[in-house]
Amino acid sequence: SRSGGSWLMGILMCLLLWGSPGAWASYLRRSSSCTSIPDRMALCYNIGYSEMRIPNMLEHETMTEVIQQSSSWLPLLARECHPDARIFLCSLFAPICLDRVIFPCRSLCEAVKRSCAPVMACYGYPWPEILNCNKFPADHELCIAAVSTDENSSSRRMPRASCKDCELEEASTAREILENLCANDFAVKIRILRKNMTTTISDFDLDPGRVEVLKHGPLLRTEIPARLQQWLDIDATCVHNIMRGTHAGVFVISGEVQSDKVVVNKAYAWQKKNRNLHQAVRRWKHHRCPEQAG
């Protein structure tokens, strides 16, 4: 969703209404019942268990209220800010129906917050106090732990969603593309491969044999493949939008270098019909940017 402020405001409203310090203690004292998770509850349906407690840990009294409030978080999951975000949210919206209440572990909350709070901050909203991770039990207690961790992710950093929704650009004119290449730090023609189509977080690989450097800027040519693979690993939302559900594709991308990472600003699909893009790439070898002309 591009109107990020509206859904985030909805999230904060439903959480802040449940903001008293004794809310969880109150929940523990109240009677609750078990009910099936309906398929209309997209956030938590088919999460791995079939029954939930109601009222839930957010004191939603009816299933209608649960469905309505939980749906506000779906855009955050679509941003793929953390692979365990759904588990964490469902532990609150649809607590598993066991003999005792099981809270999410503090480490699970902290991991999700690290990756997802910056997405909320993009729109000017802080991580809600009601989700203060210090309120959750430590890992040595009985609680719902993280599934994906830095230790078991093959040293791959958790994907982070960027504030800007990058999309494929229309190659309007060759001149406009050349101006874009001049304005950015680097420009490359690359082939991207999708490693899987089943998990929530898609894995992408750079085809090392299909990297054509048009402009390296402050980067060394030898380090560009590694930097681009890092971008594929941590900016899942951007890459997902560019790939548009395909298994593989060739793209011309350009962007800027920001400290220890690269940020992609523009992406064009390398296709036969994009004649302006083909023309711009051919002309680039002999093109002089305005700052170079003098």
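Just so you know, the numbers here start at 1 and follow the chain as drawn.
Using N, Cα and C of the backbone, Cβ positions are placed for all residues, glycine too.
Other Cβ atoms within 10 Å of the Cβ of Cys44 (disulfide bond), summed over all protein chains shown, number 25. Annotated disulfide bond per TrEMBL: Cys44-Cys90 (among others), in sequence order.
The Cβ of Cys133 (disulfide bond) has 17 other Cβ atoms within 10 Å, all protein chains considered. Per TrEMBL, disulfide bond is recorded for Cys109-Cys133 (among others).
The feature domain 'FZ' is assigned by TrEMBL to 29-146. The average pLDDT for the domain 'FZ' (29-146) in the predicted structure is 87.
Annotated domain 'NTR' per TrEMBL: 163-289, in sequence order. For the domain 'NTR' (163-289), the number of residues in each DSSP class (helix H, G, I; strand E, B; coil) is 42 helix, 41 strand, 44 coil.
Annotated signal peptide per TrEMBL: 1-25, in sequence order.
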As a whole number of Å, the Cα atom of Cys44 (disulfide bond) is distant from the Cα atom of Cys109 (disulfide bond) by 17
CB contacts under 8 angstroms to Cys109 (disulfide bond), restricted to the same chain and 6+ apart in sequence, sorted by sequence, are Phe88, Leu131, Cys133, Phe136
